[in-house]
Structures are given as structure tokens and as C-alpha cells.
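Trainee: Here you go, one structure.
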Amino acid sequence: MKFPSLFGQRKYRPAKGRKPAATAPLSSGEEASDALEENLGRIRELFGDASDLNVRRLRIRSTGEEAAVVYLEGLTDKNAINNNVLKPLLGETDSEGVLSVTIGRVGWLTKWSDIVPAILKGKSVLFVEGRAEARVLGTEGWPQRSIEDPQLEASLKGAHQGFVETIEQNVALIRRYLPHRQLKFANLTVGRRGDTRVSIVYLADVANPEILKELEDRISQLDVDVIINTGELAELIEDNPYSPFPQLLVTERPDAAVSQIVQGRFVVLVDRSPGVLVAPAPFTSFFQSIDDYSTRWSIATFIRLLRFMAFFVSIGLPAFYIAVTSFNFELIPIKLLLAIGEYRGSVPFSPFVEAIFMELTLEMIREAGVRLPAPVGQTVGIVGGIVIGQAIVQAGLISNLMVIVVAFTAIASFILPNFDMVAAVRLIRFSLMIAAAMFGIFGIMIGMMVLIGHLIALESLGTPFASSFAPIRFSDWKDTFIRAPLWKMGRRPEGSRAVQSDRQGPTRPEGDGR
Amino acid sequence: MKKYAFNEITTIQYISLINGMTVSFGFIEIPADLHKKAGTGGLISLLLGTLVTMAASLIVVQIMRRFPNGTILDMLTRRVGKWAGRLAAVVIAAYFLFYGYIGIVYSTRVIKARVLQETPAYITLFLLLIPTYVVARNGFRVLGRYAELSIWLSLWIPFVFLLVWRHTNWNYLFPLLERGWLPILKAVPDTFFYFLGFFATTLFYPFLQKKEKASFAILTANGLTMLSYLFITILSFIFFSPEEMKEVNQPSIYMLKTIELRFIEQVEGLFIVMYMLIFSMSWIPPFLLSSFCAAWLFGRADHRLFLRVLMIGIVLFSCFYVPGLNTTYALSDKLTKVGTVLEYALPVPLLLFFMLQARISRKRSRRRRL
């Protein structure tokens, strides 16, 4: 079967032992004929017995031509077909002999290799007796959800509109924030079977064209069946897929995406997925939340610093516990050491086993909480409270301090605003625990050095992932470790390599007193 | 001709690289060493040593300015001959291998003595090689970032040392010239050991983003090195009495034993572990430079193969033998000698040679014009 746009250039080979598909091979250049019956026969042949295929025959009132409208039931807007296609055709409006319908997006197609995908994507096609061209009508209308608050990234003061699964809607959400002619879109299609629409959004006079080219190159080189979700695209185009760290940011928030666009970055929209990709995404951008900009800057700065601290606590606290209780007793004050010894006296396991057991339990509770439906979800909390709580201590299985350590790490990891980064933190935590169990505090340090070495070598779309601290860029610190007052952020971050870096003037009104 | 594009080192990174390489374990060793050789007058030796070092590093930069787009190896090949370049590659590769090896063995020994007493030394050494490979395989650009980050992450060190401030006595410092000027002058060449490493400029130079700032940067790096040495030396001298100074081994670490914090019982163990970032600067850059020279020698752009060979070599060798601390001191004496010749003495005739060559060729071209 030769059908380039749908099946690529692969040769068609019928599966063994099964009857070949009912469709006859379709050559790339095959065109629609001018005989209506022939066309409809071909359609039936190509679609087989698709239950949602609808062929509506009619006679155009004004010209008297025989015609047929072909569309897939569920993917089209019934209202549009009834009122804007069938009604004009059957009515008396067509005085000039042109097939006039009241649909915005229309076109003429002649090749079957164009017509079939059009139908598959929700357009309706009008065949007319005596014409070799088919009229394609943009009547798409598939099931979609309304715009809601993004679930994964809740926000207190930010907008309550999240991206949805339709790319047109998402484009509209972005345009609402930036009605500017320099907001440009680069449209690509990915997937042999899926034909997923992917759209790169950027400010043409701000964003760096080299990065755009790199991004376009990477996406257009993809050769996959279908892209179901943005996460898949991220994994396919990332610089280093073997790293635990996400190198591209996925967000469901239009306001966050737009804020990244004006910083000179690129946003990649993927049709059928509510998440959009932000690229390039440096390490520090995973610690920013859109609320930071709408709360008072001093509070936002405090929270930013808290997040970085939480990152280190979440990575290293269990490892540190293991190190001081099984290796480096000399590090902690003798009083505390004695207290730990008292608690640990009744515990039959080594600190490492204890810690691994508790951390794994915590991970399970978290994972269970994510997938369970809400009514059952409450049970997780109750049952989890027994495992991470007083009961397990009383049973003499785990020491008091370990429970505190686990609870502490859990809370610390909840502070981090990005889900992918939290996942990375969890993985690193376990490797550091193993290092600590083997070599104590020195093992942790080796682990941290490897982590640093890895972090500074990572790139996000060819820009340094660790940007703003290695290589050091003090001017970017205004919006990374701290959040400077908005009117001080006059320049776009250097890390995004924007070609036009002047963002705003020092335009804070000073009042009449000065 | 930009042979080494993509691998750019910023000025801050360059300063951090040179500063980190020179300071590293000198910070631990220099007070006792100076005191042994020149008493408290060692401070003056240190200042004089810095001046000589600054002059020597300026000479190195002057040499490199004559051929800004290549390393010293490319330069020697071009101006002197193919074999001069190859010889230099072998010598420099061997020198930095030796340099880095002493660094990693010294760190291993310190850790073995103070943190991981029961773990065999070779295992500690293997562990240190893991981050080394992770950083060094990515070339100079990542090395620069690593150096920068190590320095920034170590800025807490002076503040920890200030905690011993109340135990100090300035009278210990005097008289400065207890034994006269002669031992002070004699100790100057011994301070060179603690400044070795600036010669790496000859290989870093083509990668520098702003070459016009190289002189300024290397003076800053030397200055920072001097400041950190001066800080720890003065602190040790006023913390320990002259008699104690003779007894104490590694005074910088010993000093920390007096610190009592509410939340940490023993500061010095934690200090050594955290100091690993600076320690690592004494072997990660040299190993990378060494494998870079080897790759150059064989005409390859990718240094990773040689880095792996070097690492595997060290691992195999260490399985059988890891030098003890005293052997390391003996080795570092040798390194001082080799380094003084290579880094301080050799650049002078080299610069003169290049100046002469330039003058002759200029004269020749003028004569031709006439």
C-alpha cells in the first residue's frame, strides 16, 4: 500500500495468516474521478465498514447536480453540517452555480491521498457528479472538555484557565495574553499514523533563531507512529534522555507558558495533549511558580529560597541520617547521639534497611494516592498514617527519628512546584542513600560531586542546563534564587539567549512626592 | 582559524580554574611548611613567592599572546618544529599526570587518615575517580563550570575558620625576622610548589572567551591564591604558639578541632569532606589536560579515549600500590623541582626565543622590502 502521508514509505506487507485488509492499495497520485458513484465506491472500499462513516446523498437545488457529503459522524460538528452545509445546498441560495456553503474553512482537493486524511481528521467532503474535484469543508467538532483549572499546577492567584486537548484552543489561550504580531507559530506534523500537529510558539523578534532551528530540526526528524502526550515528545527530543533530570519543562498553565515566551523561550504545543513544552528550560526554572510573580516580592524570594533548601533536604536527609547513625557518629552532638541510640535500641534493622523500607513505603503511599479515585483515596491517608506514624514505632519496627526524617523529606519534596523534578529528586535520594550506607558522609559527598558534574554537563536545547550558577550569570539571579521586584527585571534572562534582551524600562511610578 | 570553538572558558571560570588548581591542598599544608623553613617570617617568603609567580605567569601569558588561536603544542609545532611539539606534548602530559596523581593520592591519604579509617585506600581512590570521569569527559567547557561552581560552593570556608578567632594571640607572630633574612629568602623557592598549575594557561589560552583579559585574570587568580594562603598562614601562626607549630601536622585541619557547634560535634571531618570540591581541583583539571595532550599527540579531537586509559591505568596501579603520606611528600618535593623548571624557568628562554624569532623575521621582511 503506497500512501505516503499516512503510512510513510514502508512497503505494504499483509500480516501472515490473516486476510489482507479489504482496502485495495492506494497509489500516491491517484485522483478522484468525476463520476460520483465511482468516488463513493472508492470511499466505501477505503473505509471498509467504518461504523461512523456517513454518506449523505443529495441533489443540489440550484443546479440540479447529484452530490454526496461524506464525513465521520463523531468527529464533525452536526450543527455545522446541518445548517451550514446541507441547508444552503438544499435551499435556493446558490445562484451563481458555485457550491456555496456557509463554512469558514473550505478548499478543493483532487488526490485521494489528501481527501482520505481530511475525512479522518473531521472535515466533510462534498463530491459532485461531473466534477473531479472534491470540496473540503472545515466542519471539525470532536468531543472536548471545557477549559478548567489545571489540576497538576494549582495556583492561588494565577489565572484559572488551563490548557486543553485541542491545539486551536491552546493557541487562543496564548494569543489572549500576547496579542502581538511578533508572536509567531512554526507548525509541524509528527507521526506516521498519528499526524499529530505540533506548533512552536515564540516571539520572533526576541527568541534566538538558532534555538528555533535546533528545535524544528529535532521535531521534524522524529519518526514515530503517534505522539499521545507531550511527555513523549519531551523524551524524544531531550538532549540527554539518560539523565534523571527533566531538561524540558511541561506546563498546563497558559500564564506560565506566556511568561516563558516573553523571557525569550519557546513553547511547543502538541495537539491532543493539555501539557505544553517549554524550551530551553534551565534547572532553576523548575523551581519557579507563576504565583511567585503575583505575591509580594519579599515573600516570593523567601519561598524560592525555601524551595532550593527543600531540594537539598529532600535529596540528602535520609542519606545523612544513614551516614550519621551507621558511620560518622562523631558528627552529631553526643546528647543527640544518645537519644538516637535509645530510640534505635529496640529496632532490629540496620539504619539503611530502616530508611529504605520507610522511603519505599512513602513512595508507595504517594503513588497509590495519585491513581486512586477520590472516594477510595481517603483510605490511603488513614492506612498511610499507620505505617508512617506512631503504630510502627510502638511495634518496634522503626525508630522514632526515622519516621520524622521520612515525614520531613516528604514535606520537602511536596514544596517543589514541578512534578518531573520531584520524580528526579526521588531517584537521586535513593542513590545517595546507597552511597551513604556504603561510605558514610564521604559517600554522600562523592554522590554530590557526581551530581554536580552531571548537572553542569547537561544542556537544554544546546544551552547550559545549570545556567545562572554554572556558568555564573549574576544578572539572571534576579529571577532564579530570589525574585527581585518586578520593575528591577529590566532584561530578559541571559540563559534563554534572547536576541532582544531589553524587556522593560524602570517604569515604576514614584508618586507625587518625588 | 578557530580550531577550538564550542569550548569556551569565561574569565571567571579561568580565574577559578587557576586559583582552584593552585590552592587545593596547599591550603592544608602551607602553614606548617612555611613555619618549618622560615619561622613566622615565612609570611614574607609567601609574599615574595607570589611576586615571582605573578611575573612567571605574566611571562606565560606573553608567550601565549603570540599565537592566540592554538595551545603551546600547536605553537611549538608551528614555530620550532614538529618534534618540538610532540616532545612538549609528552612532557606536559607526563607532568600533569604526575601533578594530578599526587593530588588524588594526597586527598586519598587525608580521607583515609581522618574520615574513612577502615576503608582500604584504593577504594577511596576509585571513588574519587568517579566524579573525575563525569566532569573530565566533557572537556574544557564543563571543567570551567565545575571550577567556578567549586569555588563558589566553598566560599563558606573562611567563615568557618573565623570561628577559631577567639583562641588567637597576635604576639605569636613576632618577631618576624627571628632567624634573619636568609631562611626567608631560601624558603621562597619552596613556596613555588603551592603556586604550581598556572602553566595550564598554555593549554587553556585558545579556549578563553576574552583573551585580552588573560593577564588580568591570571594576576587575579594568583592574588586570590595568595590571599587564601595568607589568611590560613596568619591564622595558624597566631593560633598555635611557635612551639606548637613544630609539633602539629596539618594545622589547618587541627585548628578546627577547637570549634564547638551546637549541632555538629566534630567540624573537621565534615570540613574535609566538603573540602573535596577544592581538593578535586588538584587532579580533575590535570588529568583532563594530560589526556588532552595525549589526544593532541595522536592527532585526535576526542580526549575521552585517553582519559579512560589514564583512569584504568591509575585504577590498576592503585590496586597494587597507593603511596603513603610520607611518600607523597617526597613525591611532591620532586614535583616542586620539575614544576619549578617547567613552569618558572622554561618560559623565560622560550619567550626570549620567540621574541628573537619575531625580530629576525621582521628584519628579514624589511630587508626584502628594501
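Placed from the backbone N, Cα and C atoms, the Cβ positions cover glycine too.
Below, the features straight out of TrEMBL:
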{"type": "TRANSMEM", "residues": "B:12-30", "note": "transmembrane segment"}
{"type": "TRANSMEM", "residues": "B:42-63", "note": "transmembrane segment"}
{"type": "TRANSMEM", "residues": "B:83-107", "note": "transmembrane segment"}
{"type": "TRANSMEM", "residues": "B:119-136", "note": "transmembrane segment"}
{"type": "TRANSMEM", "residues": "B:143-165", "note": "transmembrane segment"}
{"type": "TRANSMEM", "residues": "B:191-208", "note": "transmembrane segment"}
{"type": "TRANSMEM", "residues": "B:215-240", "note": "transmembrane segment"}
{"type": "TRANSMEM", "residues": "B:272-298", "note": "transmembrane segment"}
{"type": "TRANSMEM", "residues": "B:305-324", "note": "transmembrane segment"}
{"type": "TRANSMEM", "residues": "B:344-360", "note": "transmembrane segment"}
Trainee: Which range out of B:12-30, B:143-165, B:215-240, B:272-298, B:344-360 gives the transmembrane segment (B:83-107) the most CB pairs under 8 Å?
Mentor: B:272-298
Trainee: Does the chain bring the transmembrane segment (B:191-208) near the transmembrane segment (B:305-324), so that three or more CB pairs sit under 8 Å (pairs 6 or more apart in sequence)?
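Mentor: Per Cβ check, the transmembrane segment (B:191-208) does not touch the transmembrane segment (B:305-324).
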Trainee: With pairs closer than 6 in sequence left out, are the transmembrane segment (B:143-165) and the transmembrane segment (B:272-298) joined by 3 or more CB pairs under 8 Å?
Mentor: yes
Trainee: Establish whether the number of Cβ pairs under 8 Å between the transmembrane segment (B:119-136) and the transmembrane segment (B:12-30) reaches at least three, counting only pairs separated by 6 or more residues.
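Mentor: No, the transmembrane segment (B:119-136) does not contact the transmembrane segment (B:12-30).
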Trainee: Honestly, do the transmembrane segment (B:344-360) and the transmembrane segment (B:215-240) touch, with at least three Cβ pairs under 8 Å and pairs 6 or more apart in sequence?
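Mentor: They do not touch: fewer than three Cβ pairs between the two stretches lie under 8 Å.
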Trainee: Going along the chain, which residues at least six beyond the ends of the transmembrane segment (B:215-240) come within the CB cut-off of under 8 Å?
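Mentor: The answer is 11, 14-19, 22-23, 26-27, 30-32, 34-35, 40, 42-43, 46-47, 50, 53-54, 57-58, 60-61, 158, 161, 164, 167-170, 172-173, 194-195, 198, 201, 248, 251-252, 255.
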Trainee: Of the stretches B:12-30, B:42-63, B:305-324, which racks up the most C-beta pairs under 8 Å with the transmembrane segment (B:143-165)?
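Mentor: It is B:12-30 that shares the most Cβ pairs under 8 Å with the transmembrane segment (B:143-165).
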